[in-house]
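Below is one structure; the comments refer to it alone.
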Amino acid sequence: MHFYPMTKQPIITVNNLVKNYGDFAAVKGISFEVYEGEIFGLLGPNGAGKTTTLEIIETLRDKTSGSIIVDGFDIETDADSIKKRIGVQLQAAGYYPNLNLSELIVLFSGLYGIDKTPMEMLEKVALTDKAKAKYKDLSGGQKQRFSIATTLINNPRIIFLDEPTTGLDPQARRNLWDLIREIRDQGTTVVITTHYMDEAEVLCDRVAFVDGGHIIGIDTPDHFIDELVASGFERKKQVKLANLEDVFINLTGKEWREG
Amino acid sequence: MNKPYSNTKATLAIARASFRSILRSPSAVVFTLAFPLIFIIVFANIGGGGMSIDVGVAKGSDTSASNPVYMALKKNKIMHLINDQTADEMSKNLAKGNIDAILDLKPFAPPAAMTVHVQYSQASGDKGSVLKSALNNIFYRIQSEELKRIQSYTTVQVPKLIDLKEETISGRPYKYIDFILPGQLGFSLLSSGVFGTAFVFLSLRLTLVIKRFFATPVKRYSIVLGEAIARLAFSLLGSLFIILIGHYMFGFTLIHGVTTVLNMLVLSAIGLIIFMGFGFTVSGIAKNESSVPPLSNIITLPQFLLSGTFFSITAFPNWLQYISKVLPLTHLNDAMRKVAFEGAGLGDVTHQLLILFAWFIGIYAVAVKTFKWE
């Protein structure tokens, strides 16, 4: 368990954020804070407004109203300063065609205006042996790790990961959790979305539940669970000391397989 | 960390990435280099000889050295005399236009008139009239010689009505390669500019590569400029390659040597920039990758056929020439040929450049309206 500093310094402040697409209100007045150095999870069903909220904070989408401060900069007036301080991994984003991983890192270094060697970045995500491989030839887990490498090039204060573990096998998922914790431990704030509650439970320091364009709760995973239990909730089936995923990991080994 | 952000660095990073990507994309290499070279090789070999007229010589014709008509035709390089077909084959081939005329020559024995029987074919177009005028020319010379011989016996002078003076000035031989190569260069630039640009920007947009770029401090103009620099560099190298192959292997005329090559490269750059405007427009209109080829073909095919890529637009009927004269590739080809063969400088092709400039303004006005980033 990670203990983030007791002086909870907000690094992202979202205040009354609204986003309308024509007549459709995707985000209806969301407010929350992300603290420096934590892993913050945005949870909720598809269409709840998670990705829209993230993309507005990432300066990729215009807001309709409300205010957002990222690391002291207002998204309205200082989008460029924010871009320099954040790393963004998009859901389902591709990379420049026909280039290998090294060349893609060189490209992104140029886009961020930062001198980083490809090996230095690939080492952080254990992909040095794939330096000459094309992105499309990587496995799902390798693709996600490479995407995370590109978000780290500019030594960001915050990285945003949109459903990074979707479609990965249990080993690759655990491998990615380790990587994300490592990044957090080096002082980078992580904002993540996921559909896996077990993942949010073990990975996130705090989570916010988003539904229908509203935030309906924000707290630590432990506190949410305790509250529910205290309200008299009981699982229909008696909880055992292990679940089927534990069995899977136990049988197939913790070692993550490439490919 | 505190270094100011450099837009130039970002632009060049994109240019370098894009250039690498183009070099590794088979379609770009095929369109820019392979296609034009194949066309050049094919046309340089079939087009070189000019016109040839196939004349069947009927069985039983007098083909002896004493027959002046036969000897004259034999010396004529355009005439291809056929002696090895039966009368039946010959008439069938004449009907199909596979041979252009059949000639039956009786022996030459003055003062008796020599009978020459010629059959032409409607199937072979103008070639019959070329043979007809060649024959008339031969007959005139034979008659004149006969007249001269008669004159030597008499004091009555027949007045000379026509005094024919012929001379051939020495000039640069205009080879077919001099026509076909600039056309192929234009075609290569057109396809690279339209197809290449449209595909790249559409796929960068659909695969969210551009969206990921926008999460970095890069400016929009850096993305467009970087891509343009890469395509320009690639196409100019391609043009240089085609010009050099054409010059050293097929004798393509470069009047002022390196200066001519440089002028041609400047024209190539101008052409490519205009054609890229079409590419940007197509990438904005196209919904997915399969709609790029039809849209691009609407732009490239008419120009491919009507802009004097393979044959001069003067071969078209007037109404079609008006259309040709509107298309940008026509004027690029025109300027290229003037520069390469006539040795014109860029200042001598301002008419063509002005029309190209009008296209530049027009197409980029449309491209700015239709282009989509997301």
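In case you wondered, yes, glycine gets a Cβ from its N, Cα and C as well.
Taken from TrEMBL, the feature domain 'ABC transmembrane type-2' covers B:124-374.
The transmembrane segment feature in TrEMBL is assigned to B:28-46 (among others). Here the transmembrane segment (B:28-46) has Cβ contacts under 8 Å with residues 22, 176-177, 180-181, 184-185, 187-188, 191-192, 195-196, 234-235, 238, 241-242, 245-246, 250, 310 of the same chain, all six or more residues outside its ends.
The transmembrane segment feature in TrEMBL is assigned to B:185-208 (among others). Residues of the same chain lying 6 or more positions beyond the ends of the transmembrane segment (B:185-208) and with a Cβ under 8 Å from any Cβ of it are 18, 21-22, 27-28, 31-33, 35-36, 39, 227, 231, 234-235, 238-239, 242-243, 264, 268, 271-276, 278-280, 282-283, 286, 288-289, 292-293, 295-296, 299-300, 303-304, 307, 309, 329, 332-333, 336, 371-374.
According to TrEMBL, the transmembrane segment annotation covers B:229-250 (among others). Tertiary neighbourhood of the transmembrane segment (B:229-250): same-chain residues 11-12, 14-19, 21-23, 28, 32-33, 36-37, 40, 44, 175, 177, 181, 184-185, 188-189, 192-193, 196-197, 261, 264-265, 268-269, 272-273, 276, selected by CB-CB distance under 8 Å and a gap of 6+ residues from either end.
TrEMBL lists B:262-286 (among others) with the feature transmembrane segment.
The annotation transmembrane segment is assigned in TrEMBL to B:298-320 (among others).
What TrEMBL lists as transmembrane segment is B:349-368 (among others).
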